[in-house]
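Here is the structure we will look at.
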């Protein structure tokens, strides 16, 4: 299993949102490039970077900063506001390893398919964020500001038929809460779509959570708030 540190960017700083709410922001004193270099030195193979300003505005705002983070030598999967072929190509040409496509996959499937065909499916990670208010996980869009009527399962089925292999799934209710991930959701995801390389995010607290997710068949975990805790040894998580 791949352990991927997450860095959320807002106005050039490292931040975390609580349950995706922009009015509940925790800002950290460490600078993004320093944070990326820190994880690279510890042996991380990949970073997950989200441009929150881009996610909110609909156009990536911090590509220059993300490219600077990439110069630390660590591969980056990045998203937040990629809403056109031009933006996708700009990010890809800048050397970003995998582009993270979120809301666009729900609001404009035709354009998303064009991007997938242009960039290639293996270079795309679909970020599908859900609210499980009923038994059916429904997708949220636009930086979690709006709900859609699309279910996770129907959207995954659609894009799997178009070659997508990597999907990052977050239960919004778990994100930033440090109460544990939604294991039932990920178990269903792997059972329904075993050919997808699932990335889990939201609520992961400790090594036991990571081990449990691995036993369910999850391919990668995204670690955010957990890595800002003083008692966490990231090198041990990589073992």
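Using the three backbone atoms N, Cα and C, a Cβ is placed for every residue, glycine included.
Taken from Swiss-Prot, the feature active site, proton acceptor applies to 8, supported by sequence analysis. Its Cβ placed at the centre, residue 8 (active site, proton acceptor) has 23 other Cβ atoms within 10 Å.
When other Cβ atoms within 10 Å of the Cβ of residue 129 (active site, proton donor) are tallied across all protein chains shown, the result is 23. Residues or ranges marked as active site, proton donor by Swiss-Prot on the basis of sequence analysis: 129.
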